[in-house]
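Comments concern the structure below.
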């Protein structure tokens, strides 16, 4: 039976023209192509039972991005922020997820719309894990050791739980650091903003993590400073090149030089830990004799013995120091630049600080800083404008059997999920005039909510402040970081006038997929207040 006759039998109303003999090769190719396509679609559906392939992809063309940005090296490291913005408005705003390639992680991120915040808020690590994401994509195990429960317990429970006492230490260390780095210049003096941020966060960070003895050891401090400073540099060396199956081996070799500098930190730290364990084994230590630092808190943790060896604790404390020093400094330098760019808010914030400190004779306590709502608003607005250290938050690796998006789509185990922080924070439906820096934006929002009381229909704006992550797996050291920023910025405002060294406001950060790296070349000018 000919094709024409067969078609007429099945669909009698369909008129099919007679097929000429010389058209048969073309039809044969078309038929085979159709069969191949059907087989491919069928096989693809079998290989993709969760239908992840149905999630749209936002592409990042390298050549086009280099042309658009006017920067030649964007061929190798294309920007991330503009393309997440594209996906946010095209898909997330329509309540759809999308995926985008992260060159720094060599993996696709599934970027979820805001409605999934409630779902990830209380997800346990057994279902989706931030620590697993950090270990896999930041390769924390290469230089020091993977993030584990000891790190999370010390950072989240003990550092945050002892903030009341830490605040006293923090104030003293910050004041000494400012005296060293800025001094008391009576004329406007140019100083690098990154240097100020780094040294003022380093001083309290070293004291809290490593204790008074090591924090005053110049050789140890230099070793920690150099090692921590290089973590981010080494973390992204060769990350943007697809190394295939040799990736882990090559990255291990890249970190070899970095690991060589680790003994300068670990040896004295091991000695202190070993000595403390020895003293505790020989006699009872009273509460008054207990050291007040992360070393002691790590020793007190109910974890397995193999996690409490001197070497294991030392390596994990180095990981914690990265968060208390380098990460906080990277955010603080942006806040210093914002502060210098907006002198119109200085006096109002100073007045509030003086009033709050006067009400509490003990100085920078949790109680007094908790009342500094305008200073807090400034910090929140700076974080909103700069998105902290990264343009995505809520980053997790799916560790359970899957992450269900809807009835038809499940992200399988090992999928990388995230929330588009920067775009939510720049959404005019969330924050009116998002491009404008309003230092008292959050102060006014909270005042409006307080005045409206239960009658307020305002959206919960706190759910959109995502710079420190979200939910039970948000940044474990966020309360320490916020209090450090308050203390440092407050002390600077009380003691100094501050302004930009250049008339034009400098660039705040650089889009380095996925990081928003701070610009370290910005200079500010300081002058001691009369």
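Cβ atoms here come from the backbone N, Cα and C positions, even for glycine.
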Which residue does Swiss-Prot record as N-linked glycosylation site, given the choices 42, 230?
230
Per Swiss-Prot record, range annotated transmembrane segment [choices 3-23, 24-44]:
24-44
Conformational class of residue 230 (N-linked glycosylation site) under the three-state DSSP mapping:
helix
Quick one: give me the count of other CB atoms within 10 A of the CB of residue 230 (N-linked glycosylation site).
17
